[in-house]
Amino acid sequence: MLSQQIANNARTLQKGAARFYNSTYNNLKINKDTKVIVQGFTGKQGTFHGKQMLEYNTKVVGGVNANKAGTEHLGLPVFKNVSEARNKTGADASVIYVPASAAGSAIEEAMDAEIPLVVCITEGIPQHDMVRVKSRLLKQNKTRLVGPNCPGIISADQCKIGIMPGHIHKRGCIGIVSRSGTLTYEAVHQTTQVGFGQTLCVGIGGDPFNGTNFIDCLNVFLEDPETKGIILIGEIGGSAEEEAAAYLKEHNSGANRKPVVSFIAGVTAPPGRRMGHAGAIISGGKGTAADKINALREAGVVVTDSPAKLGTSMATAFLGKI
């Protein structure tokens, strides 16, 4: 009951302020010059994934840990707070690897410093914290949030901000957006295998209150001349996929239409049972896989019945355009 009340309050907040925040979707366009700082830099996760980001040649320029300010970690400076880190490094993005109890405050600290792109990997952030964050987020137009509870965002062969395996990515022409982390990797691997590669891959996360949705990413993909096709991976719960379908119906048509392939997880999920992600639940008869699949197909999207068919379905969709 409390979760439903929180959800209703968040939706009310969204409607009035969303347009102001929506202008920040361009902050998703990361590249080889994007400067990244790490919040929770010296912790176990921050260290491990910070190393991997550096190995991918991401421009990590420092990190934040108030208790170790003034020292170095992984050969990079550690700052007292995000504001100091941004002032001294000119950071364009921040990635957050801090425990759930402190993650909401970490996002707000990055917002206070007006970091253009904030990627929060942390899972299990209390919903009440995220409602507070979302309320603040929608009232400003400087910071774009990806996540929480997500694998991050990657511009293939240029910049990796998150926990995704870099080696499966290859520069190419497919834009990928997904609520599921592991299914994102499946789509990436398949598009690499069939020779398409990727432009930008965004894991938007599986929580009910996230900073970036399907439509934000579709905006980027449809405007980007390098992106020739789109893969959208959804799951049960909420109405994000139906809203994305309506957006595609209106904005992706005619001679310049880009092929879109989708997979929806949770076809056999029983109503009322949460399936992994906090937002993956059929509630009140809404958010079923069937509703989402029908809406997407009506918008001209090719919906596969298995994630193993994403690559071949995209190849077939391209052949249909020739």
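Backbone N, Cα and C define each Cβ position, glycine as well.
Note that the structure is a prediction, hence the values are computed from the model and not measured.
Swiss-Prot lists H277 with the feature active site, tele-phosphohistidine intermediate.
Annotation source Swiss-Prot lists CoA binding site at T42, G43, K44, Q45, K68, I121, T122, E123. Sequence-distant neighbours of I121 (CoA binding site): residues of the same chain at least 6 apart with a C-beta under 8 Å from its C-beta are Q45, H49, V95, I96, Y97, G147, P148, N149, C150, P151, G152, G162, I163. Annotation note: I121 (CoA binding site) sits in a coil segment as assigned by DSSP.
Following the DSSP three-state reduction, the secondary structure of Y185 (substrate binding site) is helix. Its own atom aside, the Cβ of Y185 (substrate binding site) has 19 Cβ atoms within 10 angstroms in the protein chains shown. The substrate binding site annotation in Swiss-Prot covers Y185.
Here Swiss-Prot flags 1-21 as transit peptide, drawing on sequence analysis.
Pairwise Cα distances among T42, G43, K44, Q45, K68, I121, T122, E123, which the record gives as the binders of CoA, peak at 25 Å. Calculated from their C-alpha atoms, the gap between K44 (CoA binding site) and Y185 (substrate binding site) amounts to 23 Å. Highest Cβ count within 10 Å among the binding-site residues T42, Q45, T122: T122. Counting other Cβ atoms within 10 Å of each Cβ, the lowest count among the binding-site residues K44, K68 belongs to K44. Its own atom aside, the Cβ of G43 (CoA binding site) has 16 Cβ atoms within 10 angstroms in the protein chains shown. Look at G43 (CoA binding site): DSSP puts it in coil.
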